[in-house]
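Worksheet: one structure, shown below.
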């Protein structure tokens with residue numbers, strides 16, 4: 001990893017913007033979702049929890065598009081690793097991206113829109129924990145699938161900058177999981193406690 005720094009200008013404006021956009025996204029959705037859980041302000045503003053969740057989901061999708069654009073522009077503005085600029089690396093990256101896309105898509109299908117976009121913070125709870133594919137293979141497949149997509153994209157472009165930015169994505173998601181996991185478990189623990197007391 002240290003060797004990659006020799007190929008990357010971390011002071012480049014595009015690289016810095018990409019890092020900031022990567023770090024901002026999970027910070028934003030966690031702060032807004034916790035604020036909603038505490039105040040119900042978005043649900044009141046939009047008239048219902050479901051409408052508020054759909055609006056937040058739309059904003060998150062828009063921010064993800066911005067992040068992907070910044071990531072791609074940062075890669076394009078930095079040099080390629082010539083030894084990796086070959087068919088083998090390209091198709092390896094394509095395969096990794098395909099697996100990542102499978103995890104992201106199947107996670108979305110298993111969770112639905114509100115399950116994917118923090119519906120539990122809006123009081124839209126699932127009946128039970130999802131354990132079907134891809135959750136049967138790994139925890140947080142949406143996050144790790146997204147990380148795999150960026151890793152594959154970086155390999156397809158033989159981009160050391162992309163690999164460093166993928167590491168930032170992985171670190172951001174790891175922090176998000178540490179932040180979200182216990183809070184979400186507590187939401188469902190309270191739900192179970194409420195059901196048992198009835």
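Heads up, the Cβ atoms here are built off N, Cα and C, so glycines get one too.
No curator has checked TrEMBL annotations; they are predicted automatically.
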(request) Would you confirm whether, in TrEMBL, residue 10 and residue 115 belong to the same side of the membrane? (result) yes
(request) Calculate the per-residue pLDDT averaged over the topological domain 'Lumenal' (1-12) and state the result as an integer. (result) 77
(request) Other Cβ atoms within 10 Å is the metric here; tell me which of the binding-site residues 100, 181 scores highest. (result) 100
(message) My understanding is the cutoff is Cβ-Cβ under 8 Å with a sequence separation of 6 or more in the same chain; which residues meet that for residue 180 (S-adenosyl-L-methionine binding site)?
(response) 30
(message) Is it possible to list how many residues within the topological domain 'Lumenal' (115-157) are helical, extended or coil according to DSSP?
(response) 22 helix, 0 strand, 21 coil
